[in-house]
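Record features, source Swiss-Prot:
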DOMAIN    63-157  domain 'Ig-like 1'
DOMAIN    168-260  domain 'Ig-like 2'
DOMAIN    270-370  domain 'Ig-like 3'
CARBOHYD  N119  N-linked glycosylation site
CARBOHYD  N155  N-linked glycosylation site
CARBOHYD  N200  N-linked glycosylation site
CARBOHYD  N230  N-linked glycosylation site
CARBOHYD  N329  N-linked glycosylation site
CARBOHYD  N366  N-linked glycosylation site
CARBOHYD  N370  N-linked glycosylation site
CARBOHYD  N380  N-linked glycosylation site
Amino acid sequence: EPITTGLKTYPSVLNKKGTYTQSSQLTITESEVGSSKIYCEVRRGESVWIKEIPDCKGDKVHPTVILTQSSSEEITSRRFATVLCSIIDFHPESITVSWLKDGQHMESGFVTSPTCGVNGTFSATSRLTVPAREWFTNKVYTCQVSHQGVTQSRNITGSQVPCSCNDPVIKLLPPSIEQVLLEATVTLNCIVSNAPYGVNVSWTQEQKSLKSEIAVQPGEDADSVISTVNISTQAWLSGAEFYCVVNHQDLPTPLRASIHKEEVKDLREPSVSILLSPAEDVSAQRFLSLTCLVRGFSPREIFVKWTINDKSVNPGNYKNTEVMAENDNSSYFIYSLLSIAAEEWASGASYSCVVGHEAIPLKIINRTVNKSSGKPSFVNISLALLDTVNSCQ
């Protein structure tokens, strides 16, 4: 007898191979399931195809329950263990799945998803996630399945092998000196090494939560997490304390680390000079070097870069040494080497060594030299040039 209610047939769809696909959907009530056989009949011309629809309602069938777990190597590397409880071939659909740890019911950490099989029975999976540190404490985990008055339990024991999972380590990085001197906001970085799965990283300033961003595993190792927060430059310069807080269910208490701008009592302004190749070398070589010597400054935070005709030079085209202490250990120096083509020098281009340091009255100074200048000239960089340097980074 043809069915006329609860039926929805969708338009034919042209496939890439030039054939068509058509779908038909039948909706019935739960009470109608199993009351009679249902067939899908397809006619095309004189051809007829008939397919019986499987019935998900039938005799009572209790499930088969199987437990599997991830390997110890995977648990150590991913920082969590996965236990899969497979509940296979049961009928009717209604089941209850519970997880126990050492005989105590667990309230969270697992997800259960039932599905209907094509053979008229149901199957389901329940996935339990356990932090690695907890897994390696030899606890017993139980998947308990109740179906039609019958309860089945399957146990699995965590590894007795000690976990090689070290405690998380927090490393805080201050903003770059270039950010501090040139921008209205600066970025603080919190690097969490040995980060467990599901770690939460947040920032606070004197009990006030700050909006931050987190990136997973961009650090030096696969188990690191980096969280960044943007604050005003003024707040950083004020010496305020900023806290990175690491939370995880595996930690007895949250881990905290703080950072602030250190107060500098001995500010020393740097001297800047450019060292040129000897005149005879310039005429004899295709390339020549400009060396910028910056010395006598304190504290050690500084940036040095170059411009050609007031346009920033790509950092890959010059080389800065590490900041080094001078003989008295109370001040520092740094070299920057720029290689240029002799033809460019001969054309009259102007080369500037741009230096930023908090002891400089205008925060930035430069030395400029070109073929016709005779000797390097010292210039306090103007606000207009400051904007140019900043925009060309």
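Glycine too: its Cβ is placed from the backbone N, Cα and C atoms.
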Most Cβ neighbours inside 10 Å, all chains, among the glycosylation sites N155, N200, N366, N370:
N366
Whose Cβ, among the glycosylation sites N230, N329, has more other Cβ atoms within 10 Å than any of the rest?
N230
Per-region confidence, the domain 'Ig-like 1' (63-157) (mean pLDDT, whole number):
86
Helix, strand or coil: which one is N329 (N-linked glycosylation site) in, per DSSP?
coil
Whole-number Å only: compute the distance from the Cα of N200 (N-linked glycosylation site) to the Cα of N155 (N-linked glycosylation site).
30
In the domain 'Ig-like 2' (168-260), how many residues does DSSP assign to helix, to strand and to coil?
11 helix, 47 strand, 35 coil
Out of N155, N230, N329, which of these glycosylation sites is nearest N366 (N-linked glycosylation site) by C-alpha distance?
N329
Using DSSP, what is the helix/strand/coil residue split across the domain 'Ig-like 1' (63-157)?
11 helix, 59 strand, 25 coil
